[in-house]
Structures are given as structure tokens and as C-alpha cells.
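Copied over from TrEMBL, here are the features:
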type	residues	note
TRANSMEM	A:7-25	transmembrane segment
DOMAIN	A:42-145	domain 'Cytochrome c'
BINDING	A:56, A:59, A:60	heme c 1 binding site
BINDING	A:207, A:210, A:211	heme c 2 binding site
DOMAIN	A:334-424	domain 'Cytochrome c'
BINDING	A:347, A:350, A:351	heme c 3 binding site
């Protein structure tokens, strides 16, 4: 008995020591990845462009639109995490940060006081940024951004996630080695372009933060294309962030110019951007250079897998071919099932009976990643609330699909969604009225939820 | 005065087609622009969203997209000795309301006037002599030629995404297009819409008679399209809800689909809705405007908005009203024929023949605002005015704009308007009728004009505008001529029943039935300041920093729908303002 108590006491002591070490042992910080002279300064515009590539603006924008003033909540499974003020304000922003402090945030997720940052900040991906981009970003935020005294709500998650030392333990297993290794050697045609694409996707673009699946402890399953699960689809805000690599996925099906156009304008011959990706286009990719967009498209194309993804949904609904669907809708038999009838009454005017819509205006539904996503939240939310394309320089029109949630019941939305998920060769799982009801209430509860369209 | 706002470089009155175009073009000069729109803001979604817009009772019958007469109307009389009364219930014409203006609810017909319509008086005098012009007719040249406007027609058509078939590209004749049109520098941006059955039947009959049918051009997109501003249209799905409705489908060219989201990105452009301009304020010498005074509905107060340039881009009637209220140009006096503001108001002379076919199913629910076939064989440049005894012309046309259930079902005359016999008529004839229409010119006359009403005032206490208009023999002869040409075509199609409706001798203007919202003139453009209110650049002769857009500039009405010319004139004026006026503000002529 005494022995057992001793063991327990020893374990408790070890636990306390570990926790104290986690809290007080100084972080081992990642070194610069390149030796740049102390007086090295970025070229004009380089820092701002690095910010655009990293999409800092999308998360750190102030509630009133002040750039980088922070304060917007990012919904995590553990509760809202508030983006910080990253303007050079010395008190409320990052004005007191040294270059090393700044690099520690970007590479190691550690702030200037040694606190561990929640991985809503994608330092797991930013670890691949070059020293030149780090220096560029630092210069940009210190010299070119207007300070803002916006005081950001402190993130306070429930116990035990408010114990930030836990993040330190998490990082030991969740982070990869820092630095970017160009994966393509000179023997590969186009190696320079592909390596640029790899850098953009793996590093500043942090595509993997949403598009790579996560494991049980919420770590990304891979940070480079060598990992077979890298960019094979994740979940963000309840939506499926589509698989980008398997055969038949959009970046693999589209030609590279269309992929680049999608990133630049939020729309192309096949699809319109939706969900969180809309913000990526709005704040980041629309401003990327043509070369960077093409490099990204080329890299995504290059890392495609040869096998089609196996649908993991329980496939209880027969898939209709394009021809069968067109015939069914064209016959418009009054006795037709509810799903296709609702499609005719609500969707056909724009998306047409062939499900192909119209280039750059009405997204194609056949093979549409939002339509056939394993998790149907995106499709159902779009039917309920509608969706709007972001305004971009080349395509300024905020084309908006109206919401239908005010006129369709949960059962009707479920029938309609199940139909489009299995028409024109689509083959995805059924949606139930309970799914729709759950999504309806999730939308209404979410901080930016609009509820049902008021019109 | 309650409030004075900081000065702007340019203030635009009205945010419809011309206000949007001028905003877009002038914003390129980096000047600070404010557009004031008296109506509500309007976007495709939610304001025109499917399915709520597809409501004939709300929008087609109760005019949901139109101005409310209680907020704005005119008084109307037919002759100088009548007392004008307020137009209290919309009927004859339907001015639009809100952002997008009438560009929201139009069908989309987009034509170029013929070359000789721009110099109509000269054309008549050169070919037949001034003596064939009736004494009270005041037709005039526009002071600008088709050739000068051609690049601007092109600009407007490619901006608005017009579907059509060119007939004459740089003098080269193209099979299937209009052989009588003026040469254009290139074709339309989109191919013509797929035709409906009635249009094909008409075209076949016309061809058999040696006439030259062609698809009528219009702003209903036949394919997905992106214009010079990056704005986009989706393909029209022939739902048949164009005129009186906002397009549910992003398919109709409008300020919303073609300009506004691009314009709203400009940091130097702002617009305010529910802001009705009450008058333009002039400097003490009356030679320049100092800005505008508007009613800010939200603040509940009058606001003085100073500006260096004032663009009147309201509906044609309201442009003239604002000029009369502001003292811009000498008001026209029909007794002396002197004065320019309010001069040469004109309308449109239309007619039509309906046909009923027991054995033909027209599927009228498939329709589009501009789908159809037309002929210009009896157009202004094809008619011997001396021999026929009138000046003018028409295009003749058939096509299915809609099959809406309340207004869209034609019945043989004599069928009761309700009850069992009406039901029987509907059962028998729904989907079995079509019509051939004529859309014709209307000349300007000494006693047809606009001025301030001596009796009635509007809700702001301002005198209302008075319209004096009646049909004239010349135009009635013109429409009777069209009847004589249409009926043989209709007869050749062997309908079971046929009935015609054309103005006849002694016809008086009736404001109750809808005719057309092509109210033109009242601020005519021209080369002579004694007969025109604005010069060839749409610049007020008297107040050089006021430019007046819109069909109020037409010195008489063309035989076509006006929007094509309105758009071209807007681009033409915008170029003059940007390149010539802004660097050196002065009278440009």
C-alpha cells in the first residue's frame, strides 16, 4: 500500500516536473533557413506580396474592416479563437516584436512572451517559408502597415484546452521539420515552376491547413506530396475542403489555365468558389501573379494520384447517368420523384437539365466538389442560404445565388440534395431530413449565420 | 437649408443606364463622383430573386418596379385648350424606379437608328423639299451623325451583351442580317436567340413575299457573356418575365448585370439612394451650375451638394422637369415657337395585327423580351415620303415576349373579359395566337411639348410637369400604311381569325392602355441653340457644366426602341467630357 502510494507520489512529482518544464523550459526556436546579411532589405512590394501569398488579411482583418487589426473569431472545434492584432501598434499589436520574435511566431507558434499559439495560426505550414519571405513580411508589418489600437478579445477555451502548455506537447508530434525542400530535381521538365508551385502550396498558401485530413490529435496528415494523404481533403467550418489529388477531383480534371482562373477570379468554366475558400480568393489568390497561379496549378496537376477516390459514403442511392438525368428532367412527368421535381422548379433555370450551368456564371453541378462532398454541409448550406462569388478585379460581379431555405422543408432539401448528388453521373451518399435540420440549426447558431433569407 | 455636404467633382442625378455608364467612364479620370438615386437600391438577389419576381400580379399588373405616381408623375392634356390632369394611375407609359432605373424592367430591344434619322430634316429637304413637311411639324437634325456615333453604339452593344445578327459590317452585306441597317464596325457580341414558332412563321411568310426578315437584336443573352468591365451575363432561359420585371437569371443586360458591381469597386465613386434631386443650383450669372439640392429621405432634410459638373441621368421626363425647375434653358412657348426646354416632346406610333390558329401550338410560356424576327423593308430609309404622304417609318416584327396568364393571353375581339364565355375562350385559344406588330416613328410638333403645370404641385411642393401630346395625321397615315403592309403578310399565313389594331383618323391620345415607355424629346440636342436645349455633346447651351443624358435629347422619335441610341449618346458624351471638357471646362460648341 505504501509502495503504491510512493509510486503514485513519484508519478505525480514527475507529472508536475514535466508540466513545469513545459511551462518554464525555454522554447527551442527554429533558426533562420538562410543566412541573410543583417542589412538585407526586401525589394519594394516583396513584403506585401508575401502577406498576400500567406493570406494574412483574411483572418486578421478587423471587425470594422481595418486591415490586420484582428479580433475576428475563427471557429474551432474547441470554441472561438480570436485572430490577433498584427499591426505595428506597440501595445495592442506586434510593434515590440524583434525579427526573431516574429520568426518564432511564424515557424514555431510561440509569441514574444513564450506563449504557445493555437494552431488556428497555420505555423505548421508557415514553417516552410523562406527567410526572405519572413524578412519581407516582418518589414511589411513593421514599416508599411498602419498601427491600430484595436484590443482583441482574449481567446479562452474550456479546460483543458486553455492550458497552453498542452499545445507545446502537441507541437512535438504535430509539426514537421522546418524549411522548404524543393521536391523536383533538374531532371524534371519545368522543375523551377513546379518547385515554385510546391513552395506556394506547402508554405505560404498553407493549402494543407484545410485540404489535408487531420489525425486524432488534429495534426495534418502530411506536409508534402510525399505524404500520400497530403491535400486529399479535410473539413473546415463543417464543410468538406475537397480532395485535390485523387483522379476525378477538380484540380486533376480541369486544365491548368482553368485552375488558375478559379484562384484568380473565384469562377471558371466549371465551378464557382464557395465556403471558406471564397475568403481565400477574396483576400489572397486574386492578387497572386499569373506565374504563381500557373505554378500552383501545374504543381497540383503534377501531384495527382492515379487512382480514383473510393466513396466512403454508404451508397444507398443509385447514380443516374447524364443522359438518364436529362431525359428524366426533360420528360417532366408530373409523377416524377420529389427530388428531380424540386430541381426543375428551383434549380433548372440556371443550372439546366444537363447540370452544366454556364461558364463562369452558373456552376456546373456534374462533378462539382461541393455537390458530391463526403460531408454534405456545403451543398445543403448553399441550397438553404444561397452563395455569393467574391468581387475580383477581372470578374467584379458578386453573382449571388438566392437561398431556398425559406421555401423548402428539411425533407424537400434532403430529397433535392440527394438527387443532385446522384444525377449526371454524380455518386454520393443520401442526405436525410435530419442532416438538413442539423445544418439549419448550425447555421443559425454560428456567429456569422444569417439564418433564413429574409426575402 | 439644413445641410451642405463636401464638394464633389461630379454629381450624377439618377443611377440607371446613363448614370452608371457616366459613373464608370468618368471615374477613370480619378475625379470624385457622387450619384444620387431617388429610389431604393436594387440587386438581382435579393430584389429580383427567383421565384418571387415571377409574380405577374405584383409586378406586371401592380407595377412593383415602377415609380409610384404619388411620388412622381406628370399632368397630361392633349391640346392647348384642355386643362391637364395628373396621371394618377400608370397606363400609357411606365417610368422605372430605383437603382438600375428603367434598365431593370425593359425588354431589352437594342437598335441603332438609321443614318438618315439623325439628319431627318436635311434628308427630307434634300429628297422631297421642305414643302412636304407639314406646317406644324418641327423635325430637326440631331447635330451628330451616325458615323460619329458608330464607335459608341458598338461600345454600348458590347457592354450590354446584345444578341443579334449583323446585316452590314463595314459595308459588307451579311446574309440573314438586316440589309437596310447602317454599316457597323463589327457584329454583335452574341449570336441571336433561338427563335420561337411565331417568329419563324412570320419570317417564312415575309420571305415568301420577297421581304427581308432578320432576328431582332436585344439584351437577352443567348450565351454566357463577360463585358469590358468584367461584368457577366448568364444565358437566357426563355422564362418570359422580362418587361416589367427584373431578370431573375442574370440574363438581361441592365446596369446591375453590366456595370454596377464594377463601378462600386471604384474608390472615387459613391452613390446614395432615397435621395431625390429637387433642382440644380446655378451661379449668380446663370452660366454655370454650382451643384444640386436633394431631399435626403433618411435624414429627412434638404441637402446642398456642391459639384463642378452635374450630369442629369434621370428618366427623360424627369431630366426635362429638373431643367424647367432649375431655369436651365429658356422654357419652350408653343405660341411663339420660341424657347428650347420642353420643346419637341414625342412618343411612339405602334400598331399590330393578331392572328389565331386553331391547329398551331405556340407554347407561349417559352418567351424572351426580344426574341423574334423583324423586317425593315418599310423603314424610314425605304419609304418615298413624297409619294406616300407622310414622314416616318416602322420596323415590323413578330416574336414571343411572354405567355403570362393575366395579360399574355390574346382572345378574339368580342370575347367577354370574364365569366363562362371568357373561360371557354381561354380554353379554346390559349397558345393558339400570335401577332405581328409595327413599331414606328413619331414626329415632333409645335403644340406637343412639356412645361411646368400652372396648377398641380408634387410632394416637394414643386410645380409638376405638364405634358401636351396628341396623335397627328402624319403619324396616323404612317401607321395606316404599315397596316396595309402587315395585313397581306398575315393573310398569307392563313389564320383562322385575324384582327388589327392601328390608330385611325381622329385618334386621340388615351393614357389608360399601355403603349410604350418611349417618352422622348423635351431637351432636344442640335446644332442651333434657338431650337435645341443641348448641343451635340449633350451639354446645356446655357449652363456649360450641365450635361443631359437620355432620350430627352431626341429631337423627334426614331422608328426604333430608344435604348441603343441612349447608350451610344451616353458613351459619346462621356468621351467628350473626359477628353475635351474636363481639361478645359467651357461650352464645347
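Our numbering is plain: 1 for the first residue shown, then up by one each step along the chain.
Backbone N, Cα and C atoms are what each Cβ position is placed from, and that goes for glycine too.
Excluding the listed site residues A:207, A:210, A:211, the same chain places A:206, A:208, A:209, A:212, A:231, A:234, A:236, A:241, A:244 with Cβ atoms within 8 Å of the centre of the heme c 2 site Cβ atoms.
Within the same chain, residues at least six positions away from residue A:347 (heme c 3 binding site) with a Cβ under 8 Å of its Cβ are A:365, A:416, A:420. Listed binding-site residues: A:56, A:59, A:210, A:211, A:347, A:350. Those with a CB under 8 Å from a CB in chain B, in sequence order: A:350. Reduced to three states, the DSSP call for residue A:59 (heme c 1 binding site) is helix. The heme c 3 site is defined by A:347, A:350, A:351, and by the 8 Å test on Cβ atoms against their centroid, the other residues of the chain that qualify are A:343, A:346, A:348, A:349, A:352, A:357, A:362, A:365. Each of A:55, A:57, A:58, A:61, A:68, A:70, A:83, A:86 belongs to the same chain as A:56, A:59, A:60, is absent from that list, and has a C-beta within 8 angstroms of the C-beta centroid marking the heme c 1 site.
Confidence over the domain 'Cytochrome c' (A:42-145), given as mean pLDDT on the 0 to 100 scale, stands at 94. Here residue A:59 (heme c 1 binding site) is positioned 14 angstrom away from residue A:210 (heme c 2 binding site), judged by their C-alpha atoms.
Residue A:207 (heme c 2 binding site) sits 29 Å from residue A:351 (heme c 3 binding site), taking the CA atoms of both as reference points. For residue A:210 (heme c 2 binding site), the number of other Cβ atoms no farther than 10 Å from its own Cβ, over all displayed protein chains, is 23. Ranking the binding-site residues A:211, A:350, A:351 by the distance of their Cα atoms from the Cα of residue A:56 (heme c 1 binding site) places A:211 first.
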